[in-house]
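A.B. asks: I am attaching a structure below and will ask some questions about it afterwards.
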């Protein structure tokens with residue numbers, strides 16, 4: 001009789017890519033704060049600086065934390081599946097709450113200043129991304145954390161969940177880039193083309209946002225870096241194939 005399976009070692013390059021992604025993500029958050037502090041006066045809720053809460057919260061929530069939530073199944077390869085599910089879900093909750101604060105901040109700022117809402121491409125994309133993110137979390141909770149969902153439903157929905165998770169993350173980064181460009185054009189106008197220090201800093205920030213998204217998506221698309229099936233998952237997978245003659249669920 002075989003003993004318990006030993007933990008699968010992490011692929012050699014995976015820890016380095018994960019560490020690089022975290023370095024990029026933290027740099028993006030720090031540089032966003034530096035941009036707002038150096039050129040936009042900082043952040044505050046009860047003042048004209050309330051708008052600055054918006055970009056910082058969106059970068060922390062819908063870019064950095066969402067990206068980290070997607071990496072949970074690559075980083076925690078040998079922990080119990082339930083534990084990784086809960087961590088994956090909690091990171092999305094934190095991302096949602098922080099993004100919600102950012103969304104409230106921009107609407108409150110517009111209301112106080114008498115500005116129009118939801119007229120730009122950035123705002124349309126932002127509302128779409130926020131709605132998709134919330135819907136994805138609700139459906140994911142219903143299928144993978146709520147005990148009532150059947151194994152067959154989970155296995156059939158999982159590919160869609162994985163795809164839309166990556167797609168929403170990519171759309172979040174694209175929306176952040178749109179917002180960054182919009183903020184620069186509003187503030188700098190024609191001076192943007194004269195290599196103003198703020199414009200250069202923001203351009204570097206945009207490149208780092210794109211780099212963070214690229215590294216995260218690369219980690220997610222490497223099939224050999226997926227979380228290996230644990231013993232109980234393999235047993236459920238075999239039972240499901242026997243009963244339904246369908247495909248066994250792949251790990252995220």
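Cβ atoms are placed via backbone N, Cα and C, with glycine included.
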A.B. asks: For the heme b 1 site that Swiss-Prot lists with 54, 117, 118, 119, 120, 122, give the additional residue from the candidates 79, 108, 182.
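C.D. replies: For the heme b 1 site that includes 54, 117, 118, 119, 120, 122, Swiss-Prot also lists 182.
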A.B. asks: Are residue 39 and residue 84 on one side of the membrane in Swiss-Prot?
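C.D. replies: They are annotated on opposite sides of the bilayer.
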A.B. asks: If I go by Swiss-Prot, the feature transmembrane segment sits on one of 53-73, 221-241. Which?
C.D. replies: 53-73
A.B. asks: Between the binding-site residues 117, 118, 119, 154, which lies closest to residue 81 (heme b 2 binding site), Cα to Cα?
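C.D. replies: Its closest listed neighbour, by Cα, is 154.
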A.B. asks: Please list, for the topological domain 'Cytoplasmic' (147-159), how many residues fall into helix, strand and coil according to DSSP.
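C.D. replies: So the topological domain 'Cytoplasmic' (147-159) is made up of 9 helix, 0 strand, 4 coil.
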A.B. asks: Could you tell me what the rest of the chain brings near the transmembrane segment (200-220), counting residues at least six beyond its ends with Cβ under 8 Å?
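C.D. replies: 14, 17-18, 20-21, 24-25, 27-28, 31-32, 34-35, 38-39, 59, 63-64, 67, 70-71, 74, 166, 169-170, 173, 176-177, 180-181, 183-184.
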